[in-house]
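All remarks here apply to the structure that follows.
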Amino acid sequence: MVVVAILAAGRGTRMKSRLPKVLHSLGGQSLVERVIESVEPLSPSRRIVIVGYQSEEVQTAMHSIPNLEFVEQTVQLGTGHAIQQLLPHLKDYTGDLLILNGDLPLIRSETLKQMLQTHAQNQNAATILTSHLPDPTGYGRVFCNNENIVQQMVEHKDCTAAQRQNQRINAGVYCFRWPDLAKVLPHLQANNAQKEYYLTDAVTQVGQVMAVDVEDNQEILGINDRLQLATAYEILQKRVKEKWMLAGVTLIDPASITIDETVELQPDVIIEPQTHLRGNTVIQTGSHIGPGSLIENSQLAENVTVQYSVVIDSTIQAGSRIGPYAHLRGHVQVGAGCRVGNFVELKNTQLGDRTNAAHLSYIGDTVVGNQVNIGAGTITANYDGVKKHRTKIGDRTKTGANSVLVAPLTLGDDVYIAAGSTVTEDVPNDSLVIARSRQVVKPAWQRKSVENKTTDQHK
């Protein structure tokens, strides 16, 4: 049985931000959410987040995560002081306590499982995660014997010049037998350069403590500033992109592509440069995305093409072509075999199968039938200044260039709208609509106009 405690009370001053450090986003999730996610496969009996700086904001940001407990550290006096706040909440607990910093977003569940197994097999009072770094600057040092039993732990700022030569560092992940730690916590002293209560001071007081090295140093990258945040994002993206390329997805110029972990891709999808896939996006086999496109929270069926376009909260059926320079947003549904072309915006709109909107159009709050052709420059005037109104366009209807459809409006099946028309009334099936001024031609008007102006000037 294990209880998890996540340290999320610090401000993170080096981030230079009003936002608490643990709430900074990495690939669509906050740092602390990623840590919480990493402990889920361990099936902990309780998950406790220790909050402090802007605690209400931190708690609000995680309100949707079920069965999460919060304990407040009103004054931030170090990691040991943070764990002291758990004493009244774990009075009768006799199991293990796994402690992680809330700024370790790349830690893997497998690493934590291995650490817990080592802890149990060796009946340790405590087990800590360590690593060897070529440049350990900024990390606390761990000193062990040949059997990886910890002899001493020293924070970087408290290290002597000789101690700083040690490259074995504390990764900020601990597993304690809680009863042993609970006895030591009240007696911690702030005898250090920071005048803080260090959890590391408790390590050598609880009994046998073993160090376990992490295999991949990238997992223990702590996020203290924007540079480290960017580095973590690069590592995360490398993991994601390698996964999909090995699964049969082609990424052309992977360095210029970003893919959230929540995205699902099928084999034989091709992603061109400068394309960004975000949120709960699913792209099925044979689709070709990019270059220069953003797909967010959208589902694309087989053999869809998207070029230089933005697709958000939309569904696109098989064989449809989007772009270049199209914008789909607000729960758009595009049927099979459609074309949404140059400078077309769709908002909260449904297109039937084999419907085309190829050029320079805005279609909003509209249901469009099958085999409809939206002429260049067609606009749905759906907003009256107070409310947005719906438009319905029947099957096989064709709108001429530069048409304006003033909602609320219903066009039946097989309707033809003449170019330049402004349509304000419902149109029945099989109708032709001409809603524009009659053309008037005045021969020689320009010559007469010039002559009149010349005469006026000589008066």
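Including glycine, each Cβ sits where the backbone N, Cα and C put it.
Listed features, source Swiss-Prot:
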type	residues	note
ACT_SITE	H359	active site, proton acceptor
BINDING	7-10, K21, Q73, 78-79, G140, E155, N170, N224, R329, K347, Y362, N373	UDP-N-acetyl-alpha-D-glucosamine binding site
BINDING	D103, N224	Mg(2+) binding site
BINDING	A376, N382, Y383, A419, R436	acetyl-CoA binding site
REGION	1-226	region 'Pyrophosphorylase'
REGION	227-247	region 'Linker'
REGION	248-459	region 'N-acetyltransferase'
Around the Cβ of N382 (acetyl-CoA binding site), the count of other Cβ atoms that are within 10 Å: 23
L7, A419 as binding-site residues, winner by CB count within 10 A: L7
Set of same-chain residues at least 6 away whose C-beta sits under 8 angstroms from N224 (Mg(2+) binding site): G12, R14, M15, K21, D103, G138
Nearest recorded site to H359 (active site, proton acceptor) by CA-CA distance, among binding-site residues L7, A9, G78, A376, R436: A376
For A376 (acetyl-CoA binding site), the number of other Cβ atoms found within 10 Å of its own Cβ: 19
Residue among the binding-site residues Y362, Y383 whose Cβ has the most other Cβ atoms within 10 Å: Y362
Alpha-carbon spacing, R436 (acetyl-CoA binding site) to N170 (UDP-N-acetyl-alpha-D-glucosamine binding site), which is rounded to whole Å: 77
Spatially closest candidate among A376, Y383, A419, the listed binding-site residues, to L7 (UDP-N-acetyl-alpha-D-glucosamine binding site) (Cα to Cα): Y383
Alpha-carbon distance [Y362 (UDP-N-acetyl-alpha-D-glucosamine binding site); A376 (acetyl-CoA binding site)] in Å: 10
Spatial separation of G78 (UDP-N-acetyl-alpha-D-glucosamine binding site) from N382 (acetyl-CoA binding site) - C-alpha basis, Å: 58
Residue pair R329 (UDP-N-acetyl-alpha-D-glucosamine binding site), Y383 (acetyl-CoA binding site) - Cα distance, angstrom, rounded: 17
